[in-house]
Amino acid sequence: MKVLITGFDPFGGESINPALEAVKKLPNTISNAEIIKLEIPTVFKKSLDKIEENILAHKPDILISIGQAGGRFGITPERVAINIDDARIQDNEKNQPIDLKVFEDGENAYFTTLPIKAMVKEMQEAGIPSSVSNSAGTFVCNHVMYGVLYMINKKYPNIKGGFIHVPYIPSQVVNKPNMPSMSIEDISKGLELSVKAAVENNTDIKTAQGEIC
């Protein structure tokens, strides 16, 4: 089994992206699955082009993209991606799409095909803060999650795919009062446990991970 796991380069004025750094720290094998690590640009469309190049090159069974979500307290597997690009800031090539569809012929939304509740359970049992998220935003993270699930729906039905957001690391919040963070070691361990859950669970577990509002 092969797992392709991607991490974005730094964006938004940050000098580091914990998503990419945590991906780099992952072992090369998890639960007997080969781990293929890929850096992708925080750029609309180019990020998806690079992912598809690597789908064709490596033919992964599982594809997990990792992104930074500053302000979150834990590691948050995403439930759903929506068919909209609405960028509050420019990407790394100064693109700023507003109210545009990711793919014109795509569904309004796609749900992850990863066992996200099993992933959360693995992390929580290891003492790592984690919860299911119901919004991947409308920037490049959602763009990538939606695009990957679109490609799975249209062309690569045998791949399981989805997205995980991670918090800032401590060095990023030195001048951000009251902003939560998590050590890169805990983030990487959480991702390792998430991959383990994805490899070992063909279907998700049934446990309450919803929100009131």
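Heads up, residue numbers simply count up from 1 along the chain you see.
Cβ from N, Cα, C; glycine included.
What you see is a predicted model, and the numbers here were worked out from it, not measured in a lab.
Look at Swiss-Prot and you will find Glu78, Cys141, His165 tagged as active site.
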Tell me whether His165 (active site) sits in a helix, a strand or coil according to DSSP.
-> strand
Cβ packing number for His165 (active site), 10 Å threshold | 24
For Glu78 (active site), the three-state class that DSSP assigns = strand
